[in-house]
């Protein structure tokens, strides 16, 4: 067996993350013993440690890479030696590659993960006008992926309209055109009704946040509907959309493809997407 791989995930509330299992199983399948540690600043021996201390520890201990999640995706940028152009434009990093010399490079595979998920799950979706509900969390990455995968007009709706507009400004600046506008999520149903598709980028649909982010009665069979939530895989939104005959994109595709792209960056190996999906769905 070749050299082992040591990876980690820095964030808060990591117990349910499926990312470690995907990386460990894929590494082993490719003949590389892989250890992937959860580094939870709320619920582990890393509790209370600042981000720089944890990043330095990973360098000293010979980690090959780190995934970064809430609440550190923005805070990690100034601590890195290099950041990809895309991650710099978004102001968020979720993947840090550490080379043999300890040089750190930040990437954002949330963007590529959602984009690849769209290519795979909604290859023929109409993209003239799309609504994204939710500007927090992975909202920036989802919006960037939508616009760079063909969406002509994207309306990002949030209860905090200033946050929605701030996201729009970031994406418009990154892509060099006025593709995104921030709008109020209150009464968004009329806007959704006139759109080609809608993506839920809020936590609504998770066990801790049951329900939907908008009234699904505005949907018709002509809409396509996406969701970033993957626990459960069939959210209330997707269940309602499928009952209408809508094309749908569940949250597993983004979750799997962001890990696929991160594994490639960490190891230089070509991951087996089907195998990583099988691991994800078995958990």
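One is the number of the first residue shown, and numbering goes on along the chain from there.
Every residue, even glycine, has its Cβ placed from backbone N, Cα and C.
When the candidates 94, 101, 124 are compared with the L-quinate site entry in Swiss-Prot, which names 17, 18, 19, 69, 73, 110, 258, the shared residue is 94. Here the CA atom of residue 251 (NAD(+) binding site) lies 11 Å from the CA atom of residue 258 (L-quinate binding site).
Binding residues for L-quinate (17, 18, 19, 69, 73, 94, 110, 258) extend across at most 18 Å, taking the greatest CA-CA distance. For the binding-site residues 17, 19, 258, the ranking by surrounding Cβ atoms (within 10 Å, all protein chains) places 258 first.
Listed in sequence order, 9, 10, 11, 12, 14, 17, 94 are the same-chain residues at least 6 apart in sequence whose CB falls under 8 Å from the CB of residue 69 (L-quinate binding site).
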